[in-house]
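Below: one structure, written as structure tokens.
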């Protein structure tokens, strides 16, 4: 896996499902060529993948950022930013097959390992700011992942909920600030609220209400569970927050990681990839698998999921990222 030998691979642009366990795709068609180093990257519908070695790079299927009419989504000329999306590692209620939603439960030991492995996969990609949901499982994932980053900056949760909280958490050393990464938490990135299903066993709920009804609650776009949110409702808050708070950082040339949940990330990917309401309901995201986009000249370019090599520094995705990786290499020599 660590060998830096390039080879071509074929990946479907039709399949909807990631399979993080075996890094393969359920595929219906195969018409996208990848160049990878070491091994292929997993992906899903319209999540085109590219792994590039050295300074060579490819661009697949750029996603144009919708304009908000104010013209503030266009970055400075020739600027390039990285966007990493990552679903939290396995939670304790994932393990128990319970509906979790907005109940704030932590990771399992497996989830901790998934977060650490995710960190290894992105350890050569620059990160300037981190966004997480307000939930501990996404925050744990972000923190554990960043502990693996070769830059060794410290992720620090910002507290702006009150003037006192902001004042008491102020950092007075500029040198320390330079070695820190702000972590911004937002409830808008929370998992969708499953209402009266939260805490119930998924299989028992299907036995009680019927598989078709439970499937509609879980996978339809606009049908919410009892007293809960539909995917459409979740998308309204998650995508609005992404446009208002995340995109400006990317526009300014900052590199961003978003650690969140299956449905809030599905909503964001639906926005980035212009999926229809029917296409997004079949999109599955495995726990702890990072997804990389490049934001350049007003476009989001899909780069897939960085597969974790056994040796650091195997993967590069663009010239800028390759240069960043080389800089990290020189720092440890």
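Just so you know, glycine gets a Cβ as well, placed from its N, Cα and C.
Per TrEMBL, active site, tele-phosphohistidine intermediate is recorded for 88. A 10 Å cutoff on Cβ-Cβ distances gives residue 88 (active site, tele-phosphohistidine intermediate) a total of 30 other Cβ atoms nearby, all chains included.
The Cβ of residue 191 (active site, proton donor/acceptor) has 28 other Cβ atoms within 10 Å, all protein chains considered. Annotation source TrEMBL lists active site, proton donor/acceptor at 191.
According to TrEMBL, the feature substrate binding site maps to 87-94, 100-101, 137, 191-194, 202, 218-219.
Per TrEMBL, the feature compositional bias 'Basic and acidic residues' maps to 70-79.
If you look up TrEMBL, you'll see 1-21 (among others) marked as region 'Disordered'.
According to TrEMBL, the region 'Disordered' annotation covers 62-81 (among others).
Look at TrEMBL and you will find 261 tagged as site 'Transition state stabilizer'.
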Whole-number Å value for how far residue 191 (active site, proton donor/acceptor) lies from residue 101 (substrate binding site) (Cα to Cα): 5
Count of other CB atoms lying within 10 Å of the CB belonging to residue 192 (substrate binding site): 26
Residue 192 (substrate binding site) to residue 88 (active site, tele-phosphohistidine intermediate) - Cα separation in whole Å: 14
